[in-house]
Amino acid sequence: MEGQTPGSRSLPEKPHPATATATLSSMGAVFILMKSALGAGLLNFPWAFSKAGGVVPAFLVELVSLVFLISGLVILGYAAAVSGQATYQGVVRGLCGPAIGKLCEACFLVNLLMISVAFLRVIGDQLEKLCDSLLSGTPPAPQPWYTEQRFTLPLLSALVILPLSAPREIAFQKYTSILGTVAACYLALVITVQYYLWPQGLVRESRPSLSPASWTSVFSVFPTICFGFQCHEAAVSIYCSMRKRSLSHWALVSVLSLLACCLIYSLTGVYGFLTFGTEVSADILMSYPGNDMVIIVARVLFAVSIVTVYPIVLFLGRSVMQDFWRRSCLGGWGPSALADPSGLWVRMPLTVLWVTMTLAMALFMPDLSEIVSIIGGISSFFIFIFPGLCLICAMGVEPIGPRVKCCLEVWGVVSVLVGTFIFGQSTVAAVWEMF
């Protein structure tokens, strides 16, 4: 597959991707993929281990998922080379047709919207715990109104998140992107050390359950793992920015980055579950005492890193809405004066709308685990279904031997079926829990 050129026989000749400036090193690609995958999902892994019924079943599910996760990244790199596109949506549209491309855009938008909701919910939880720790020296009394999420989260959104999200470009965010990786490594280290040191005030379950309640509970862990390792939306852009873009090299980058993420996620999940057992919270930091300085530092790191990542997610979602606005104006649906979607009069209303919608959903969603289940279900499209469809469609336009072609088509079908199962299972579970 590496020897094939992007200009295939059945596809129209496409120009080289404009964003592929060939400036990204291999190590840089590994760290960017890690940064994309290590985020708020890390907080849910101990809860996922508890839900699966123990370390062994959860770890087996994680390893099986890792095969499909790496496969999806490799397929997306190959599909980007075949289609000549530089964005995820462009690759799907170029290989699978405009109808599937529109479905991809819709799923892309909803997925980013729910990720923004999860980010705000995590920020709100950490703010609430930080306020509790600051007021822990006062006599027991009802918490002041200004420490509640309904006040602190809208205030932070208006004063910090909205100004960070307003600029047309977010190039300056690259300087803060390392915070996510640092926070993830620090949290995994803290949870591991806390298990062995057992500091004063930490109450943990002495003998956590080590067997799954049912096979259904084991399968229900897939959405959380998909949410945690979710970096596929950025895979095409990262691949097109690499200096060395052979498929074998991209596969090595994908394997190294996800194995490093797997180590961090596994340490957090195993020791978080062994510490709290079935009593672990959906947000592992909420299970620790609020006055522990080590945990306070972890909360601050995670809150700051997510505040800086939120504008990037908003930018990606806003770009999809801006593309729709541009097509509408070109089709004669909108006023010509507002034809430029990056202009202030279009960009700012879209930004305010995004922040307002996600803030309202974050305040009224009762539990972070429900948000994770929804995101995990939607992310199955980007990890399993769309890469599988791209692989199947690419086999129709690339000259490959019949035996290899048959094997790749079968793997594409398996990916689509697995993704459909995860989407259906997680959607039904999320709706059932909500009602």
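Cβ atoms here come from the backbone N, Cα and C positions, even for glycine.
Going by TrEMBL, these are the annotated features:
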- 20-43: transmembrane segment (TRANSMEM)
- 24-423: domain 'Amino acid transporter transmembrane' (DOMAIN)
- 55-79: transmembrane segment (TRANSMEM)
- 178-198: transmembrane segment (TRANSMEM)
- 218-239: transmembrane segment (TRANSMEM)
- 251-274: transmembrane segment (TRANSMEM)
- 294-317: transmembrane segment (TRANSMEM)
- 344-365: transmembrane segment (TRANSMEM)
- 371-397: transmembrane segment (TRANSMEM)
- 409-432: transmembrane segment (TRANSMEM)
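Same-chain residues lying 6 or more positions outside the transmembrane segment (294-317) and placing a CB less than 8 Å from one of its CB atoms are 39-40, 43, 108-109, 112-113, 115-116, 119-120, 122-123, 126-127, 129-130, 133, 156, 160-161, 164-165, 170, 173, 176-177, 179-180, 182-183, 186-187, 190, 194, 233, 285, 288, 351, 354-355. Here the listed stretches are 20-43, 55-79, 251-274, 344-365, and the one with the most C-beta pairs under 8 angstroms to the transmembrane segment (409-432) is 55-79. Per-stretch counts of Cβ pairs under 8 Å to the transmembrane segment (20-43) identify 218-239 as the leading one among 55-79, 178-198, 218-239, 371-397.
Cβ atoms under 8 Å from those of the transmembrane segment (178-198) belong to residues 31, 34-35, 38-39, 42-43, 46, 204, 264, 267-268, 271-272, 274-275, 284-285, 288, 294-295, 297-298, 301-302, 304-306, 308-309 of the same chain, restricted to positions at least 6 beyond its ends. Here the transmembrane segment (218-239) has Cβ contacts under 8 Å with residues 19, 24, 29, 32-33, 36-37, 39, 41-42, 44-45, 47-49, 51-53, 57-58, 61-62, 65-66, 69, 72-73, 76-77, 79-80, 85-88, 90-91, 108, 111-112, 115, 118, 212, 245, 250, 254, 257-258, 261-262, 265, 316, 372-373, 375-377, 379-380, 382-383, 387, 422, 425-426, 429 of the same chain, all six or more residues outside its ends.
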